[in-house]
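Novice: Let me give you the structure first, and then I'll get to my questions.
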Amino acid sequence: MSENQDTQKSFLETVKFDDRGLVPAIVQDHETGKVLMMAWMNLESLKMTLEKKKACYWSRSRNKLWLKGESSGNMQDVHDIMIDCDGDTLLLKVSQKGGACHVGYHSCFYRKTTDGEQMEICDTLMFDPEEVYGKKS
């Protein structure tokens, strides 16, 4: 397909959702390039994200739309949405307010290993999840 033909298709027509109607979305800080999280999107959440310029995902555990930051206030303003060469993965470039991770860190990728056994925290704790979401029963 030529470059011209490739850009003639609409963005939504290009996205290849899986058999559950989902596509993975990698979320990246628009200024630093730091990877913040990975989430799932369906057609409805993608359309809402495009319309509102706020990240909206599909929660597989709750089986419903999830506007990022709706309960915590840690919203994601969307600057760009990119699609990979196969059309089966999205990259959202966002400005993150507060932490992206539900356990309180700036990024969900807040742990690292150098030896394959021990882990260390390599990110900034932005908030106390118990204060934001309440204690788990």
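Using the three backbone atoms N, Cα and C, a Cβ is placed for every residue, glycine included.
Quick paste of what Swiss-Prot says about this protein:
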| type | residues | note |
| --- | --- | --- |
| BINDING | Asp84, Asp86, Asp88 | Mg(2+) binding site |
| BINDING | Cys85, Cys101, Cys108 | Zn(2+) binding site |
Novice: With the Mg(2+) site defined by Asp84, Asp86, Asp88, which remaining residues of that chain have Cβ atoms positioned within 8 Å of the Cβ centroid?
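Specialist: Along the chain, the qualifying residues are Lys16, Ile83, Cys85, Gly87, Thr89.
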Novice: Can you name the residues of this chain that are 6 or more positions from Asp88 (Mg(2+) binding site) yet have a C-beta less than 8 Å from its C-beta?
Specialist: Val15, Lys16, Asp18, Val23, Pro24
Novice: What's the CA to CA span in angstrom from Asp86 (Mg(2+) binding site) over to Cys108 (Zn(2+) binding site)?
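Specialist: Distance (Cα to Cα, whole Å): 25 Å.
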Novice: Any idea which of the binding-site residues Asp84, Asp86 has the thinnest Cβ neighbourhood at 10 Å?
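Specialist: Each of the binding-site residues Asp84, Asp86 was scored; lowest Cβ tally within 10 Å is Asp86.
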Novice: Show which residues of the chain containing Cys101 (Zn(2+) binding site), separated from it by at least 6 in sequence, have their CB under 8 Å from its CB.
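Specialist: Cys101 (Zn(2+) binding site) has long-range Cβ partners Leu36, Met37, Ser107, Cys108, Tyr110.
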Novice: Among Cys85, Cys108, all listed as binding-site residues, which has the most CB atoms within 10 Å of its CB?
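Specialist: Going through Cys85, Cys108 one by one, the largest Cβ count within 10 Å is at Cys108.
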